[in-house]
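J.: Have a look at the structure that comes next, please.
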Amino acid sequence: MSSSSPTSALKIAVIGSGPSAFYTSLDLLKTNNPQLEIDMFERNPCPFGLVRFGVAPDHPEVKTCQQRFKDTSEDERFKFFGNVNIGTDLKLQELVENYNIVVYAYGSGSENKLGIPGEDHPAVINSKDFVGWYNGDPAYKNLNVPLHKVKNVTIVGNGNVAIDIVRILLASPDSHWSKTDITSEALETLKKSTVENVCVSARRGFLDSKFTNKEFKELLEMEKEGIMFKGWSADHFQTFASKIKLGRIEKRRLQLAQKYSDGGQKVSGKSWELEYLQTPVEFIGDTSDPILLKETVFQQNSAIMNNDNKIEIVPTETLTCKKNELVILSIGYKGEPLQEFENLGIPFDSKRGKIPNIDGKIMREDGSFVTGAYCVGWIANGSTGNINSSVQSSAVVAATIMDDVEADGSLLDYKEGRNKIEQLLSERNIKNISWDDWLKIEQAEIKRGEAQGKIADKITDYEEMLDIAKRS
Ligand code: NAP
């Protein structure tokens with residue numbers, strides 16, 4: 001028999017503190033259930049995940065969602081536990097035992113790989129590391145990017161992360177970046193940068209570009225700042241329209257490229273280009289400088305129309321070499337299972353790097369659901385979608401949770417929740433960061449930023465964050 005009653009408390013643990021974790025919490029708190037308790041666990045001393053460590057510093061408007069997340073923290077039913085690593089500081093089993101529901105919202109922690117020779121060369125950098133470095137993720141603060149030695153950078157993959165990186169590499173550190181919250185270290189490195197050209201390379205064709213038109217247009221418009229798109233000749237554009245019927249988004253993308261193309265002329269100053277239908281097969285190091293590449297070998301691909309009238313990409317025998325001293329792999333991210341998943345019977349799709357689920361409800365291979373286990377965000381859907389799209393998907397997951405709680409009384413069985421967890425942390429002498437602690441760190445960052453004329457100067461050292469949190 002279930003030990004629940006209509007007034008039983010619903011105790012929820014959320015692992016992760018990025019946008020999906022917060023939007024799901026916000027939606028759950030909207031239910032006005034006074035018996036609800038949401039505890040959010042974050043391994044970093046600071047919250048916000050991708051909003052803090054992923055969004056480009058020149059897109060502060062995207063980060064305004066942090067204000068909404070602060071509203072969550074003001075709700076007494078919500079508690080933030082920063083600097084708590086699930087798996088080491090607390091076992092996942094302890095969360096499963098002490099909460100009615102566990103929401104997995106810890107994102108995609110590792111990156112896709114190409115699996116080709118030279119991928120481990122120091123001049124082949126993953127976008128995750130690079131983005132984390134300029135956004136102040138302490139894990140990447142020592143990434144020494146030798147931009148002062150580089151003229152040509154190739155970015156493999158053409159999603160919006162690649163577009164962000166083009167802006168980072170080419171926009172002026174003084175007029176474009178200096179007032180943003182880009183880290184001081186990254187700003188200094190950009191000031192010494194000798195990068196002149198960035199090539200964004202993709203395995204498929206222009207119409208399959210992964211970047212969105214908004215981000216494409218923003219970058220094209222940076223010609224006002226002297227950042228030129230190399231573009232193509234008029235003949236090149238003829239090849240598109242004749243082949244397939246274009247949708248609205250594709251037409252717009254083509255119009256934008258046409259408008260800003262310089263006819264394939266050589267441009268002076270800083271420039272960027274888009275290259276298509278090529279797959280990297282080897283990165284070749286520079287024998288005279290071990291931290292640089294000499295070139296990248298690409299296999300050329302061909303786009304053919306298959307029997308279903310769909311475009312198919314097939315490799316050809318042709319190999320080409322592109323001179324570039326640095327490559328940034330921007331080919332998407334992959335989630336990893338938590339250590340205890342197997343023991344606790346929580347499934348994981350290793351191929352896709354995500355937790356199998358329906359509307360957030362974690363589903364085993366046999367189609368049954370894991371009771372009280374939900375996932376949201378990139379760990380649920382793969383590394384796709386921006387902050388706005390997480391609003392909608394989080395609302396779906398929150399609604400699924402509330403529907404299940406209503407349908408299954410056993411989900412309200414008594415659990416110890418927060419009291420037990422605080423006791424465990426105290427016994428283990430783990431100094432978790434509360435929301436007030438975090439506000440102290442945030443204030444220190446704003447103050448440091450003010451002194452430099454920046455929105456904020458992010459602290460990139462865990463110990464320093466913990467020291468600030470300890471101050472009264
Ligand atoms: P993405 O949009 O999925 O793009 C990944 C790119 O990598 C694609 O061009 C893909 O090519 C390529 N790729 C993957 N595997 C490859 C392989 N083995 N060999 C060669 N190329 C490969 O990922 P992302 O740029 O990391 O962005 C992640 C999500 O964050 C996206 O939804 C993005 O829109 C979002 N985001 C949004 C913003 C914004 O709104 N401003 C900013 C940053 C990120 P194929 O297309 O051929 O698979």
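Note: Cβ is positioned from N, Cα and C throughout, glycine not excepted.
So TrEMBL says this about it:
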- SER20, GLU42, LEU50, ILE86, TRP378, GLY385, ASN386, ILE387: FAD binding site (BINDING)
- ASN158, GLY159, ASN160, VAL161, ARG203, ARG204, GLU215, GLY385: NADP(+) binding site (BINDING)
J.: How many Å separate the Cα atoms of SER20 (FAD binding site) and VAL161 (NADP(+) binding site)?
T.: 19
J.: Out of GLU42, TRP378, ILE387, which binding-site residues have CB atoms lying under 6 Å from ligand 1?
T.: none
J.: Secondary structure at ILE86 (FAD binding site) (DSSP, helix/strand/coil)?
T.: strand
J.: Measure between the Cα atoms of every pair in SER20, GLU42, LEU50, ILE86, TRP378, GLY385, ASN386, ILE387, the residues the record assigns to FAD, and report the largest value in Å, rounded to a whole number.
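T.: The span, Cα to Cα at its widest, is 26 Å.
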J.: Within a 10 Å radius around the Cβ, which one of these binding-site residues has the most neighbouring Cβ atoms: SER20, ASN158, ASN160, ASN386?
T.: SER20
J.: Neighbour count, 10 Å Cβ-Cβ cut-off, for ARG204 (NADP(+) binding site): what number do you get?
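T.: By my count, 18.
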J.: How many other Cβ atoms are found within 10 Å of the Cβ atom of GLY159 (NADP(+) binding site), counting all protein chains shown?
T.: 21
J.: About how far apart, in whole Å, are the alpha carbons (Cα) of ASN158 (NADP(+) binding site) and GLY385 (FAD binding site)?
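T.: Between the alpha carbons of ASN158 (NADP(+) binding site) and GLY385 (FAD binding site) there are 14 Å.
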J.: Please report the number of other Cβ atoms within 10 Å of the Cβ of LEU50 (FAD binding site).
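T.: Excluding its own Cβ, the number within 10 Å is 22.
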J.: Looking only at GLU42, GLU215, the binding-site residues on record, which one has the least crowded Cβ, with the fewest other Cβ atoms within 10 Å?
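T.: Result for the binding-site residues GLU42, GLU215: minimum number of other Cβ atoms within 10 Å at GLU215.
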J.: Quick check for the class: what is the C-alpha distance, in angstrom and rounded, between LEU50 (FAD binding site) and ARG203 (NADP(+) binding site)?
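T.: Just about 26 Å between their Cα atoms.
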J.: Find the longest CA to CA distance in the recorded NADP(+)-binding set ASN158, GLY159, ASN160, VAL161, ARG203, ARG204, GLU215, GLY385; express it in Å as a whole number.
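T.: Site span for NADP(+), by Cα atoms: 21 Å.
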J.: Sorry to bug you, but what's the C-alpha spacing from ASN386 (FAD binding site) to ASN160 (NADP(+) binding site), rounded to the closest Å?
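T.: Just about 9 Å between their Cα atoms.
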J.: Between the binding-site residues GLY159, ARG203, ARG204, GLU215, which lies closest to GLY385 (FAD binding site), Cα to Cα?
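T.: Going through GLY159, ARG203, ARG204, GLU215 one by one, the closest to GLY385 (FAD binding site) is GLY159.
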J.: Under a criterion of Cβ-Cβ distance under 8 Å and sequence separation of at least 6, what residues of the same chain contact ARG203 (NADP(+) binding site)?
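T.: Counting only residues 6 or more apart in sequence, the Cβ neighbours of ARG203 (NADP(+) binding site) under 8 Å are LEU277, GLN278, THR279, ASN301, ILE313.
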